[in-house]
Amino acid sequence: MLSLADWVTTLTLIFGGCCSNAITMEHVTSTYPHSGVLVTFFQFLIVFLYGLPSQLTFTRPETLQKRRVPLLPYLIQVALFFVLSTLNNAAFAYHIPMTVHIIFRSGGMIVNMVLGRLLAKKRYTFRQVMSVLVVTVGIVLTTLSASKPQNKGTTTQTAEVSLYAQGIAILSLALLLSGFLGLVQDWVFARYITPTESQAASDPDVLPSWQENMFFLHTLALPLFFFSKDNIVGELSRMNVSAPVSSCTIPSGMQHYIPAYALTIPSIFIYLFLNTITQLLCVMGVNRLTGRVTSLTVTLILAVRKAVSLLLSVAVYGRQANAAMWAGAALVFLGTIGYSTGSRSKHVKDKED
């Protein structure tokens with residue numbers, strides 16, 4: 001059970017970190033649409049650097065703390081996690097608005113239900129099925145509402161629609177991979193984490209499962225960025241010639257208090273740095289929450305967080321959100337809540353039986 005201080009800390013990390021991360025991500029990717037891989041690399045790197053000290057041990061011959069999960073299951077998760085994270089961020093290069101990005105990624109339960117039924121033979125309540133249908137309608141409505149290009153030439157409109165369709169296909173593939181990742185993580189938790197919970201609680205050398213999982217998923221994926229080194233270096237080079245901080249709207253009176261060298265830093269690097277830091281805060285908040293409350297509470301809080309991110313995106317960047325987009329967003333969030341409460345009802349019924 002979380003104390004009041006824990007709730008304040010966790011919710012601050014989630015709403016402050018995740019919402020700020022979405023805002024900075026939108027700024028970076030709207031200015032440099034092909035920087036998705038670069039952003040992903042720095043996000044993975046910061047989680048690795050943060051988690052490394054807690055994983056190191058100097059009281060044993062081994063370099064790292066004892067793992068509760070073997071290496072092979074981690075490698076499978078890493079492959080899926082790396083690809084879907086890269087795809088999600090790469091989709092911005094295909095003119096996918098942040099609003100659509102947020103709502104589309106909220107549809108993970110659709111894939112989870114289909115894969116859970118086909119592969120894991122899971123059963124779902126009527127409320128869960130109806131909630132998923134509501135989410136599906138909401139995502140389709142939102143996607144179509146943002147697919148209409150502005151009044152331009154026929155050739156330009158066709159090209160924009162084609163590019164947008166490719167972006168939606170990329171997000172769809174990432175959504176499918178996230179469903180497979182969820183099934184793998186459920187299996188890993190049941191196979192390796194649950195049986196060792198009591199032993200881990202009494203062993204000071206064993207870290208909480210969420211810390212171990214967060215560290216290895218990001219760390220083992222870092223070598224995979226070698227295959228994208230040309231893209232990363234190229235985007236860094238392009239960012240390096242962007243407008244310096246001194247050209248930004250900084251009051252002349254305040255510039256005297258800023259070191260001269262800082263004013264020459266390309267301004268986009270400030271946003272990239274903020275995006276990296278807020279990603280770490282977001283990951284920490286979500287993992288803290290996941291390890292201490294029920295899955296229903298996690299789902300509801302993250303649904304509210306996505307709604308706040310959506311509102312901030314529209315408010316900060318002045319995106320035109322039409323009635324269809326708002327209706328689609330409402331259906332997605334209502335469906336998410338319905339699915340979560342349906343899961344809770346099923347769990348209670350199973351315990352009674």
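Each residue, glycine too, has its Cβ placed from N, Cα and C.
As recorded in TrEMBL, the features of this protein are as follows:
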TRANSMEM  32-52  transmembrane segment
TRANSMEM  72-96  transmembrane segment
TRANSMEM  102-120  transmembrane segment
TRANSMEM  129-147  transmembrane segment
TRANSMEM  167-189  transmembrane segment
TRANSMEM  260-284  transmembrane segment
TRANSMEM  296-317  transmembrane segment
TRANSMEM  323-342  transmembrane segment
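For the transmembrane segment (260-284), the residues of the chain that approach it from at least six positions outside its boundaries are 13-14, 16-18, 20-21, 24-25, 27-28, 31-32, 38-39, 42-43, 45-47, 50, 214, 239-248, judged by C-beta separation under 8 angstroms. The transmembrane segment (129-147) is in contact with the transmembrane segment (323-342), judged by 3+ CB-CB distances under 8 Å for residue pairs 6 or more apart in sequence. Only sequence-distant pairs (6 or more apart) were considered; of these, at least three Cβ pairs between the transmembrane segment (72-96) and the transmembrane segment (167-189) are under 8 A, so the stretches are in contact.
Comparing 32-52, 167-189, 296-317 for CB pairs under 8 angstroms to the transmembrane segment (102-120), the maximum falls on 167-189.
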